[in-house]
Structures are given as C-alpha cells and as structure tokens.
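Down below is the structure, laid out as structure tokens.
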Amino acid sequence: MCGIIGYLGNHEAAPFLVEALKRLEYRGYDSAGIATVQDGHLDRRRAVGKLVNLSDELVHAPLAGKSGIGHTRWATHGSPTAVNAHPHRVGKVAVVHNGIIENFRELRAELAEAGLVPETETDTETVAMLTAQYVAEGLSPQEAVARTLPRLEGAFALLFLFDGEDDLMIAARKGSPLAIGHGTGENYVGSDALALAPLTDRITYLEEGDWAVVTRESVTIYDAAGQIANRPVKQVTLDNARVDKAGHRHFMAKEIAEQPQVLGEALRFYLGEAGDRITLPGDGIDFTKLERLTLVACGTAYYACLTAKYWFEQIARMPVEVDVASEFRYREPPVTPGTMALFVSQSGETADTLAALRYCRDKAETVVSVVNVAESSIARESDLALPILAGTEIGVASTKAFSCQLTVLLLLAIEAGRQRGTLDADRLADLLSALRGLPSVIGRAIDDGATAEALSLQLAEAQDVLFLGRGLMYPLALEGALKMKEISYIHAEAYASGELKHGPIALIDKHVPVVVMAPRDALFDKTVSNMQEVMARGGQVLLISDHAGITAAQDGIWRSIEMPQVDPVLSPILYAIPAQLIAYHTAVAKGTDVDQPRNLAKSVTVE
Ligand code: F6R
C-alpha cells in the first residue's frame, strides 16, 4: 500500500527522501510527496503519478531542510490527484499515512462543527486537522499526537512533522508496519527496513499501538497506554540490490531469471549440503500431533496454498482446508485444537492474512507462516516462520516468491508424509533427489523461453484467454490467468479442465486462445479429451506439456511449449515458468507497465 519515509539528519533531506521513496514505490505509485522543515518553516511538494514526477517538480521548486517526511500513495480514499497526495498539511502539522482511518467521517463531522472544512477527499487529512486543532489549542506536538491517536479507528502507520520544529518527527503504528532506523546523530522512519537500507541496518520495529518521538539524538517509544516501551534494536541484513535490474528490461524479467538461484538457496537451507533430509528451523513441526491443516493467503500466495492442498492430501494424507484470507476472517470458521494454521505471504504484511492469523492465534494447535520478509508482522506473530529465501521481489506481479513458496510448501508436505508414515523411504529419496535437480531444470525452462516470447505477439491481440488445468495444474492455471490479467490487462479465466463443459465452454470460439497446462501424468488423457472439446469448437489451444505429452496430443493444437520432464509432483513449480513468461512477454508486446501495473500495489496493508 502506501510507503512512508522520514529523515532527521545533518544533510539535505529531500534527496534522501526521494531515494528512499524509490525503494518504497512498489507499495503504491498513484502520487508522491515530501515535506521538510527549514529554519522552522514547514513546506511541501507533491505530484500525481510516478515518483519521477515529484523529482521533476523538485528540480523546478527545490525544498531545503534537514528534516522531512515522504510518501508514495496507493489511493484508498479520494482519487489520485495532487490535492489528495500526501503529505497533508493543516496549520502547523504535516502528516503522511499508510492505512485507513475508518471513523474519518465522524471525525470530519465533529471538526465541521468547529468550522473546520477539509480541502481533500482523504481520510488522512482528518488526522492532520485533528492534531492541528489540538496544537492550535496550545498543546505541544507530542501532547497533540497523544490526544489524536486514541481517537482514530482503523489501521494506520502515521508520521508527523511540525512547523517550528526542526528536530522532531512523531511516528505511530496500529495495524500497518513502521520501523525506526538508528543512525549517528541522525534517525529515520520507514514503512520497512528496506526503505532504510542505504541509511542504517540498526532497526527497531514498532509494536501494535506504539508511537515514537524521534529527534536527531533520541528515539523514545511509548506503548498504547502512554508508558515508555523498551523495544529492541535489531541488526537487520539489508538488501541493497533491490533497485537494480541487473541488465534486465524489467524487475519481473530479472526475478523470473533469478529462480534457479533462489530455489537453490531455499533448498540448501531446508535440505543442507547433503540434501538427504529436511530440517525445519527452530523446534520444527510435529505433524503426528496434527489432525488437519488450514491454509490461508491472498492472490498468488493463495494459489500456492491451493497447490499445497493437493500435496498434503496426496503425500501426507492430511485433511486440508484452504481459503482466501478476506473470506476466512469474516466467516469465523471453527478452528479445532488439532489444527495447524498456515499463512503464506511474500510481504508478510498483507492485512487480511495478518487478521486471519490473529483470528487463529488462540484457537489453532500451532500457527506457522511461510514468508519472504523475515521481519514482517506475519513472521513475527507466528509460532514458527519458515523463510522462502526468494530475496527482495520488486515486480508487483509475484514470480520468484511463488516458486519459492511452492518449494517450501512441498518440502513441508514431504516432511509431513515422512513423519506420518505415508511416504516410504524410496519415494522420499526420489522426491528429494528430484527437488535437488529442480533448479537446473527450471534454468532450462527459462533458457527455452523463446517460444513464449514468439507466441506473445498473437496473445497480445486476444480479448480473452482461458487457462485449463487438472489436478496439480488447476491451481497453476489460476495463477497463469492472474499473471495474464494483472500485467497485460487481458481478460483471463482459469478452469479445472473437467469443469469446462459445465458452462465455460460457451465462451470458446476461434478468437479465444486456450492455454492447457498438462504434463504427461496420470491425468493427461482426461485433459486431452477436454482439449479436443475445445478444438472441436474452434478454440486455439496452446499446449504446455513435456515431449511425451506434445507428441501424444499434437493433432489440431495451435501451438505448444515443450517443458523438461520432471516428477509429476514437482510439475507446478516447473510449469510456473511458462505461465510467468507468457504473461510477461504478452505484457511487453502490449506495452503495459510490467513492473507497476495500473491500480495495483505490491504490499496490500489495507483490507
Ligand atoms: C500477484 C500478487 C498478489 C499477491 C497478494 C498477496 O502477482 O503478487 O496476488 O500474491 O497480494 O501478497 P503477499 O504474498 O505479500 O501476502
């Protein structure tokens, strides 16, 4: 969602703020803005659209000052206009915000009675109005914020700057993440540690309800009750490489190409150098004690969970329930004591997934997460956090995080099968051996990406694309359709192959490409029958299969992409590659903004 940065130092703030906002732009790119205090004078600059527009604005109208706050916006309340861009300023107060103030209408009505009229359509401005009113009544900035915070309902990370205060920022967190960075004679605030990467690796994470008074020489943190809270300073290993495309045209291309390497690292972490047994961090998981699994996530991470359902059921014979977090949390399902609740999230900050985790906290036997960002809220609030080790993912469309999520989930299912005695030693050895070979097989699939690129010119002409898959390929078909929609803006739907004739087949005509994902496994012949039904109605089939599958099914198909042969259990991880490449090249052919597609943001910290 929105990204927040604050700088209180000995250098000009504006260049630092803009540089840090570049690292936060993945959180939103509807508008950007900064405010600084120079000799006690508060001023701001804002611009609609990408950060580059703010940079241009700052060339024409520079902003001096050694303290400042900045924001990159993903619009929730109010359209993405300059007037709605953060920082919002009222009287002596400027504020940037990530989250939603749910009671802003009530607060506005109250402020209106005092004759205060908002200038923007945003919920955030109400925070500035309220705080400014308290300051105008004679409260100090600290007292004014302390009075404002308990009045706000919803989720927020807030950062305040004050006219007349060259050495003060106040930060507050409830529901949305916020980190304080410690420097020498300088201090910083950011939505995540990565935003602060070039500035410091000494980080304090604010806890729920915390707020912090920050000066150049001090950071004082208060809890929700107003008591001074001692929060640890952590040494965080920061990924300075994140804004580098390493010669690729897009971050997404770089991240697709990185998959052999990051999968290799994840496998080494869980399998060790010998690669012959799975070791989970901490005390691990006792699967023999568990009766069922509940898997919860959003978007691509949800499709990773759907795939894992097949694995846990088939390999470990465990009952599995899967749900999207936004439905799960409001359904309030019974969670029985023998349940392991498992949450999958790249960012570890997705608001719905975090809320679902909190719902399960006191109900489930154990709460486990599969995350990319090790210091994220979801990781920190889990009994056990399993890293996927994908490295920083910048492209809004998730690629390497998906394949790493799948890999960790498969390792978990194999470990569950081993512990529960549903997987014999030979099959276990086969699967681990196949996994060890996976990075190089994935590398071959990426190197063979030319067919996907060649096809994309025709796919880019389509209005609609269908994706079909059966068994383990069904969740992957859903993921392929999601990738296609989000970056190429082509309408794409996915169906379980067997469902086609129950309705969706009506959509088929010669203008609709149908992507069929079907390795030559036990279900292949069934899928081929469904493919014939499509072709009989003029549908253009793009078959993604292995050599044996393509040879067996060749008659009448429009195009094919040949994949290396793998153990069928691993096929979702391998077949993720053509799904990503098709979407990527189609988006490039259409000329869309691949890394920052319209209306989206990478980290969804609002409901
Ligand atoms: C799609 C995509 C999203 C995310 C979803 C969950 O390419 O990236 O669907 O998967 O927003 O995000 P995380 O995994 O951060 O919880």
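The count begins at 1 with the first shown residue.
The backbone N, Cα and C atoms fix where each Cβ goes, and this holds for glycine too.
Summarising the annotation, TrEMBL assigns domain 'Glutamine amidotransferase type-2' to 2-217. Residues annotated as active site, nucleophile in TrEMBL: Cys2. Taken from TrEMBL, the feature domain 'SIS' covers 274-422, 455-597. The active site, for Fru-6P isomerization activity feature in TrEMBL is assigned to Lys602.
Cβ crowding, taken as the number of other Cβ atoms within 10 Å, peaks at Cys2 among the active-site residues Cys2, Lys602. Residues in the domain 'SIS' (274-422) partition by DSSP class (helix H, G, I; strand E, B; coil) as 63 helix, 28 strand, 58 coil.
Break the domain 'SIS' (455-597) down by DSSP state and the numbers are 74 helix, 29 strand, 40 coil.
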